[in-house]
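Novice: Quick one: the structure is below, and I'll ask about it shortly.
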Amino acid sequence: MTQIYNFSAGPAVLPKEVLQQASEEMLDWHGSGMSVMEMSHRGKEFITIAQEAEADLRELMGIPANYKVLFLQGGAHAQFSMIPMNLLRGKKTADYLDTGIWAQKAIEEASRYCEVNIVASAAPQQYRQVPQQSQWKLNPDAAFLHYTSNETIGGLEMFWTPQVGEVPLVVDMSSHILSRPVDVSQYGLIYAGAQKNIGPAGLTIVIVREDLIGETLPGTPTMFNYKVHADNESMYNTPPTYSIYIAGLVFKWLKAKGGLAAIEKLNIEKSELLYDYLDSTDFYNSPIALENRSRMNIPFTLKDSTLDAEFLKQAQARGLLQLKGHRLLGGMRASIYNAMPLAGVQALVAFMQDFERAHG
Ligand SMILES: *Cc1c(COP(=O)(O)O)cnc(C)c1O
């Protein structure tokens, strides 16, 4: 098999060791004679898998006991509706920060359920820099404040936590969860689709403070009620069992690597390698303000965009895949999640240097 490096934004690269273990366990999980895919979600084997996955995630993130961990489906998109349905709790308005395309999707959906107050927008900065909190127009009566801590498409990451007093903080961490330690106790709710930095598509993780759940908008579907999922330990209906199993293996892989502080070090090293190179040349450009440069999704452009197609073709020939930028933004984007080894970023930079030498 040829060595490739997959820079896709999601579904994305998974740790080789995890895929290896899953392949060894594919036909017979721990002597059960069954694949995990074939197990009843109510059987003791799968319940062990799910409980261990939750315990490992709690340990990795330091999740306090008064938070529920939910293994749901429907992607981050379903959360765009579930959040207002569950967290408005009698209020009519919610605060949202506009940092880019994913924040806007959340805003658009929330607008169906409540008045959305946009506390600030990065639009005047062309979504290349997040406005400082001193410029935000917070509403003290807001049911919650929602923000997107890493804009997967724009490549904008926030490395600080907004301070909003008693207003619950809700964050879409889809594309950087588990890339660095976070203080869960500062949040009312954290959510993330699994297919970026956790595991396979089909699983969505929600971490929610338990006092916030239980009061839903009239007409909320049962499947959209956090309390129902919490009371049933994420087994109200059939959960995405295989995705939970793989996520559990990823959690164990992260623990063996030394946890989130250790993976953060590696993520800093990987992203600095690429940014330092981008900054050292005029041939390429990184558009994002220094303090908001994502460690996970790194967009960049070639000064001469007529070379884009050739760049992608040659990158592909070298086994460097999925570097094309999002269709809405163009240019390039390298997604370098936890599972991307340092060698992958080194190979990318070496290719970019060669390409510059040949075309610069
Ligand atoms: C990918 C992504 C989403 C959408 O996830 P789905 O699973 O497709 O619903 C939302 N927010 C962010 C930040 C993302 O990266």
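Any Cβ shown, glycine's included, is placed from N, Cα and C.
Feature table excerpt (TrEMBL):
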DOMAIN    4-348  domain 'Aminotransferase class V'
BINDING   Arg42  L-glutamate binding site
BINDING   Trp102, Thr152, Asp172, Gln195, Asn237, Thr238  pyridoxal 5'-phosphate binding site
MOD_RES   Lys196  N6-(pyridoxal phosphate)lysine
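Could you place these features in context, so I can see how deep they sit and what lies close by?
Specialist: Neighbour density for Arg42 (L-glutamate binding site): within 10 A of its CB lie 9 other CB atoms from the protein chains shown. The secondary structure of Arg42 (L-glutamate binding site), as reduced to three states from DSSP, is coil rather than helix or strand.
Within its own chain, Asn237 (pyridoxal 5'-phosphate binding site) has Met223 as residues 6 or more apart in sequence whose C-beta sits under 8 angstroms from its own.
Of all the Cβ atoms in the protein chains shown, 28 others lie within 10 Å of the Cβ of Lys196 (N6-(pyridoxal phosphate)lysine).
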Novice: Within 10 Å of Lys196 (N6-(pyridoxal phosphate)lysine) (Cα-Cα), which of the binding-site residues Arg42, Trp102, Thr152, Asp172, Thr238?
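Specialist: For Lys196 (N6-(pyridoxal phosphate)lysine), the binding-site residues whose Cα atoms are within 10 Å come to Thr152.
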Novice: For ligand 1, pick out the binding-site residues Thr152, Asp172, Asn237 that have a CB under 6 angstroms away from one of its atoms.
Specialist: Thr152, Asp172
Novice: Specify the secondary structure state of Asp172 (pyridoxal 5'-phosphate binding site) as given by DSSP, simplified to three classes.
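Specialist: In the DSSP reduction, Asp172 (pyridoxal 5'-phosphate binding site) maps to strand.
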Novice: Looking at pyridoxal 5'-phosphate and its recorded binding residues Trp102, Thr152, Asp172, Gln195, Asn237, Thr238, figure out the farthest C-alpha pair and report it in angstrom, whole number.
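Specialist: About 30 Å separates the two most distant Cα atoms.
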